[in-house]
Ligand code: AOF
Ligand code: ZN
């Protein structure tokens, strides 16, 4: 199963919104096949694993154990069901890392295998398998994206407002790190004030990889068209006035350039609507880069999964803005649970 996890990771960056999955076929202690899900819309891990078996070993398949980090699928999606493939090859034992919460599968793959007389062992390295696809599992279980909050603060918990100040907190190394993070998520979000004050590009120009879909909140469409965010790559503007008819998940998946508008209603909770929209648009994870007000709202709602805080050794002089406070008295989470979700990145100036 550890090998499955290693293999699965090689699909990172190319399979979202699908999960990363690895599979290994073992005959009497010897690996005779390996595979992973390499690209969205293409063959699943099990298919690549079985196809990798050398002709000389093919006769051993029906005497082998298949290890797979995610329950084999039971549905006809872009590819036929992996459970059928396993049954067809008469593999007698399947070891599964964790269940697939996707509504088309959700236990049906395991059931199908068992009904065919296959011995299925579940929950092997389950925690590791769940962690590997934390974005996918959060998305399907909670019907909202995996939310990562990120900010940079001084040693005395102040954040910068305005481009000149921002440079004082991050440095070349942490900027690059942030650009790497941007390639790892499907969406990146900022509030109106940050869009105006910082005029950010929100691209990953210092790190190779896919640009996230840029998202900004602009309730009354007051942001000037000259902003970087409203030019260049793909941007979705959440607002109360206008909706782009052509906006759909495939368009964003393909990162078709342009500014698209997503209309939310004025009278309902904005954040809830935004996260729901992300679910519809298949935006499986979001990096929230500011500002403090938006981040604090997300914290109060409890709709976040990770916080990455960049900090330096400097002290701010008095009038800086307060960094978001991660502890939420209303939710009253234990400090231990909270700490598990917080990462501090300390750099030297
Ligand atoms: C597997 N093995 O390697 C992966 C699975 O549209 P499709 O056909 O690619 O199906 C996507 C769904 O299949 C995805 O949401 C997830 O539930 C499952 N992914 N299943 O058996 C794999 N990647
Ligand atoms: Zn499959």
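Using N, Cα and C of the backbone, Cβ positions are placed for all residues, glycine too.
Please treat TrEMBL annotations as automatic predictions, because they have not gone through curation.
It should be emphasised that the depicted structure is a prediction, and the values quoted were computed from it without experimental measurement.
According to TrEMBL:
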ACT_SITE  46  active site, proton donor
BINDING   44, 73, 82  Zn(2+) binding site
BINDING   152, 194, 198  NADP(+) binding site
BINDING   182, 202, 205, 289  substrate binding site
DOMAIN    1-121  domain 'CMP/dCMP-type deaminase'
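A map of TrEMBL features onto the structure.
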residue	record	contacts (Cβ under 8 Å, 6+ apart)
44	Zn(2+) binding site	21, 37, 72, 73, 79, 82
182	substrate binding site	188, 202, 203, 204, 207, 209, 211, 212, 287
194	NADP(+) binding site	200, 289, 290, 291, 294
205	substrate binding site	179
Listed binding-site residues adjacent to ligand 1, that is, members of 73, 82, 198, 202, 205 whose C-beta is under 6 A away: 73, 82
Extra residues within 8 Å (Cβ to Cβ centroid of 44, 73, 82), Zn(2+): 21, 45, 46, 47, 72, 79, 81, 83, 85, 109
Residue among the binding-site residues 73, 82, 152, 202 whose Cβ has the most other Cβ atoms within 10 Å: 82
Where residue 152 (NADP(+) binding site) sits in the secondary structure, as DSSP reduces it to three classes: strand
Close-lying binding-site residues around ligand 2 among 44, 82, 202, where CB distance stays under 6 Å: 44, 82
Number of helical, extended and coil residues in the domain 'CMP/dCMP-type deaminase' (1-121), per DSSP: 39 helix, 28 strand, 54 coil
Whole-number Å value of the largest CA-CA distance among 152, 194, 198, listed as NADP(+)-binding: 14
Cβ neighbours of residue 289 (substrate binding site) where a neighbour is any other Cβ within 10 Å: 24
